[in-house]
Each structure stands twice: as C-alpha cells, then as structure tokens.
Amino acid sequence: MQNTIDTLKEGGRISLEEALELAEKCDVHTLGELGGLARKARYGNTAYYVYNQHMNYTDICANACRFCAFSKRVGDETGFTFTVEQAQAKIRERAHEPIREVHIVGGLNPALPYEYYLELIAGVKAERPEATVKAFTAVEVAYLAELKGISYQQVLQDMRDAGLGALPGGGAEVFSPALREKLCPEKVPGSVWLEIHELAHTMGIKTNCTLLFGHIETWRDRLEHMAALRDLQDRTNGFICFIPLQYQPGNNPLEAQGTDGVDYLKMIALSRLFLDNVPHLKAYWAFSGVKPAQLALHAGADDFDGTLVEEKVGHAAGASSPKGMTVTKLRETIKQSGFTPVERDTFFNEI
Ligand code: V47
Ligand code: SF4
C-alpha cells in the first residue's frame with residue numbers, strides 16, 4: 001500500500017486494484033489527507049459554487065427504480081406535470097436573482113410528446129437567456145429516442161438547437177448489470193448511459209457524471225463504475241464534474257441502510273484520487289448534509305454545488321439537509337470550512 005501512496009504523492013495514476021486496496025485498508029485520515037493534497041495542488045484554497053435553480057417538470061415515471069422515492073406511477077393522480085408555461089412561471093419567480101444555471105430533470109412521463117421537451121428547453125432559455133440550461137439525463141435522452149424513433153444523436157442535436165447547454169450526470173446509478181437488475185431493472189443499461197455521454201462529448205456537449213453509492217454495492221462495484229468513467233474521459237475529455245450521490249434510504253422499497261460520514265469521506269477522497277482526469281468533484285450537500293460536505297472540501301472536493309431551491313429527489317427519500325441555500329449562506333458555509341468561495345458557471349468559468 002505504501003507504493004500506492006507514494007504514486008499518489010507524486011501525482012501518478014493508480015490502478016483499480018490499488019484503489020481497492022486503499023479503500024479497504026487505508027484509514028479515513030490518511031485517505032482524506034491524500035485527497036486534500038490533490039485538490040489543493042489543483043485549486044489551492046478555492047471552493048466553487050454556482051448560483052443555480054433546480055426544476056423537476058414531472059414526477060410521473062414509467063420506470064420504478066427501487067431506490068427512488070421521488071417518482072409516481074403512471075395514472076397516480078397525486079403526481080404533477082408542468083406545462084411549459086408553468087415551468088416558465090417557476091423560472092420567472094426568481095427573475096430578480098442572477099441565476100447562472102437551470103438544472104432540469106424529471107420522470108419518464110408517457111403523456112408528454114417529444115416536442116414538449118424541446119419547447120421546455122426553449123421556453124426556459126427564453127426566460128433566462130444568460131443561464132446555461134443543463135437538462136435531461138442520458139436516461140431521458142434514450143427514452144426520447146425510442147419514443148420518437150430517432151437516433152440519440154438526433155435527440156441531442158434537437159435539444160442543442162432548442163438551447164441546451166450541458167447534460168447533467170444523473171441516471172448513471174451503478175453500471176454493474178447485476179446490481180442494475182436489482183436496483184433499476186427497467187432503466188437503460190450502463191453501456192447506453194456511457195454511449196450517450198460519449199456521443200454528447202464528440203458533439204461538443206459537455207456533461208457531468210454521477211455514481212449512486214451507499215446502498216447494496218461494494219467498493220469494487222464503485223471503482224469499476226469509476227474506471228468506466230475514467231476510460232471514457234481519457235478518450236473524450238467531456239466530463240466537467242463528478243458527483244458521488246449518497247443514497248438516501250427513506251420512503252423507497254430498496255431495503256438498504258444508507259451509509260455514514262466516514263464512508264462518505266473515503267468515497268470523496270477515492271473519487272479525487274482514482275478519477276484523476278475529471279477536473280471537478282462535487283460535495284453535494286443536499287444529499288450528504290451540509291457538515292459532511294464541509295469536511296469533503298478538505299478530503300478532495302472542490303465544488304459545493306449551489307443554491308438549488310428546491311431539491312426534490314433526495315428530499316423525497318428523507319434527506320435532512322435544507323432544500324436550498326441563499327448565496328450569502330452558501331458563501332458563509334464555505335468560508336467556515338476554511339476555503340475561499342468562488343462563483344462559477346456550469347463550465348467552471350469563474351464569475
Ligand atoms: O439519477 C434517486 C439519484 C439522481 C435517490 O449533474 C437518489 O450537476 C440518493 O443526478 N438517494 C438525480 N439519490 C440527481 C443528480 C444530480 C444532482 C445534482 C447535480 C447533478 C449534476 C446531478 O438522484 C438520480 C439518482 O441517481 N437518486 N433516488 C435516493 N433515494
Ligand atoms: Fe424514474 Fe428516475 Fe425515479 Fe428511476 S430514478 S423511477 S427513472 S424518476
């Protein structure tokens with residue numbers, strides 16, 4: 001293990017087996033220190049944040065992922081679906097705020113036609129021309145390609161023409177086919193998620209990437225997932241930011257406990273150290289909790305995400321963090337952690 005630690009201290013790349021040994025044998029203090037040194041070498045004392053708005057356009061979903069507490073079944077009258085006008089009104093509610101990014105994802109609602117998605121992007125962009133519309137996961141892109149009977153590339157092209165700026169990283173879950181069978185059997189396979197992100201990158205569309213962790217997966221499953229992301233990034237360099245999403249155990253049928261703060265910090269450190277070619281690493285406070293996210297900035301993360309208002313997916317599953325934060329609070333929280341808050345846009349251009 002000392003050889004692996006030396007490799008990391010020299011800025012070298014480690015293999016999956018070496019990362020696995022660290023994950024299983026190295027204490028959180030040593031791992032956190034290594035992750036912290038790697039982030040400091042790149043970003044010094046800077047911690048990024050974004051002035052953003054999350055919007056979910058529908059919670060009706062044809063899939064039924066076992067970990068999801070957000071979605072409602074087709075036909076459930078308690079579900080919601082925004083018209084494009086309602087979505088625009090949500091954006092207009094915050095017209096007085098300098099929002100730089102609108103993050104839009106939702107369920108797979110069979111009542112919505114292909115054109116709705118393009119009108120939604122264009123409608124939001126018309127309200128907020130200066131913001132980046134970061135919308136629709138690869139799962140939604142795959143669903144739309146099938147719905148319309150067109151290629152993934154055509155869907156991405158149409159979305160870009162409508163005003164799409166980037167793809168969010170959701171829907172990746174864990175790539176292991178055996179785990180996907182247990183967690184989200186209706187969802188497209190990991191290979192399709194990777195194919196769509198590769199295509200987006202080759203078209204010049206930047207994307208984020210995620211891993212849902214802390215449920216029934218092992219460290220090997222996590223690292224194999226990250227190895228697939230690292231391989232793709234070596235080919236395309238199109239990923240902006242990696243977001244390890246901590247599983248929230250409430251209100252969903254998956255019988256899993258959820259994870260703890262030590263595992264979270266080890267996950268952050270290993271993400272920084274193993275996934276060495278994805279430049280940014282997000283401490284997603286909405287899922288981890290604010291205090292663990294502050295510690296994550298010391299263990300490898302360089303981004304604190306954003307104002308959000310209002311996060312629904314994790315909160316439906318019992319997340320106890322706030323649903324959003326003011327910019328003042330966000331900056332204060334970063335400063336209290338010992339870092340300098342720096343506002344960024346979706347692509348990490350400093351503002
Ligand atoms: O894909 C669903 C996850 C994701 C639960 O790209 C759950 O900048 C935890 O991807 N516990 C959506 N997670 C969120 C997401 C995201 C969030 C913030 C920023 C970005 C970005 C992307 O939420 C889903 C799924 O993996 N999810 N249920 C749950 N119970
Ligand atoms: Fe639907 Fe996404 Fe929830 Fe799965 S995670 S049930 S695809 S909304």
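Every residue, even glycine, has its Cβ placed from backbone N, Cα and C.
Automatic, uncurated: that is what TrEMBL annotation is.
Marked as domain 'Radical SAM core' by TrEMBL: 42-277. According to TrEMBL, the [4Fe-4S] cluster binding site annotation covers CYS61, CYS65, CYS68. If you look up TrEMBL, you'll see PHE67, GLU173 marked as S-adenosyl-L-methionine binding site.
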With the [4Fe-4S] cluster site defined by CYS61, CYS65, CYS68, which remaining residues of that chain have Cβ atoms positioned within 8 Å of the Cβ centroid? ASN63, ALA64, PHE67, PHE70, SER71, GLY107, CYS184
Which of the binding-site residues CYS61, CYS65, PHE67, CYS68, GLU173 have a Cβ less than 6 Å from any atom of ligand 2? CYS61, CYS65, CYS68
Sorting the binding-site residues CYS61, CYS65, GLU173 by sequence and keeping only those with a Cβ under 6 Å from ligand 1 gives GLU173
Validating a neighbour-count step here. Other CB atoms within 10 A of the CB of CYS68 ([4Fe-4S] cluster binding site): how many? 21
In three-state DSSP terms, GLU173 (S-adenosyl-L-methionine binding site) is classed as coil
Under a three-state DSSP reduction, the secondary structure at PHE67 (S-adenosyl-L-methionine binding site) is coil
For GLU173 (S-adenosyl-L-methionine binding site), the number of neighbouring Cβ atoms whose distance to its own Cβ is within 10 Å equals 25
Can you work out the mean pLDDT of the predicted model over the domain 'Radical SAM core' (42-277)? 98
